[in-house]
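One structure is given here, and the rest of the page talks about it.
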Amino acid sequence: MTTIISVRRNGHVVIGGDGQATIGNTIMKGNVRKVRRLYYNDKVIAGFAGGTADAFTLFELFERKLESYQGHLVKAAVELAKDWRTDRRLRRLEALLAVADENASLIITGNGDVIQPEKDLIAIGSGGPYAQSAARALLENTNFSAREIVKKSLVIAGDICIYTNQFHTIEELTSTAEGY
């Protein structure tokens, strides 16, 4: 359980996440880095919601796909989703990935889904609905930067969701896509 949010605005794409890891109802760690840069020269940012070990496995597999497809985000995401859905070992992994590069923002699921959400706003995890609501309100009613919106959305989600804390990892790329 966690909160991962991605916002694209004014030539920037930002993904942020909290750092809480839980087992059942117990907080096991409060400073997990659920958002990281991937691929050559850190051209892709990715965040995960779900099992930590599963997510690190998926990060590694996704980075290999990015290398195989020369950094083409959509192709790498589709190929990862195919493998995730069809490979018996991978099917057991429970996580969602939010990934972005300068052109696209995607959600990758274990069901084989690769989704480019409307207006490139992604929110996943237990605190996702709270962060998404906050981000939409801020996008529609303020001139805040993508980074400010991600930060404020994570704070709001952390105040509401018991599986989200206030330790944040935030990564940013310059973007060519418009988003909100």
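Note: Cβ is positioned from N, Cα and C throughout, glycine not excepted.
Record features (Swiss-Prot):
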type	residues	note
ACT_SITE	T2	active site
BINDING	G158, C161, T164	Na(+) binding site
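On the structure: features taken from Swiss-Prot.
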residue	record	Cβ contacts under 8 Å, 6 or more apart
T2	active site	G17, D18, Q20, K34, F48, A49, G50, G125, S126, G127, Y163, T164
G158	Na(+) binding site	T3, D18, G127, T164, N165, Q166
C161	Na(+) binding site	M1, T3, S126, G127, Y130
**OP:** Count the Cβ atoms, other than its own, that fall within 10 Å of the Cβ of T164 (Na(+) binding site), considering every protein chain shown.
**Re:** 28
**OP:** Going by DSSP, give the three-state secondary structure for T164 (Na(+) binding site).
**Re:** coil
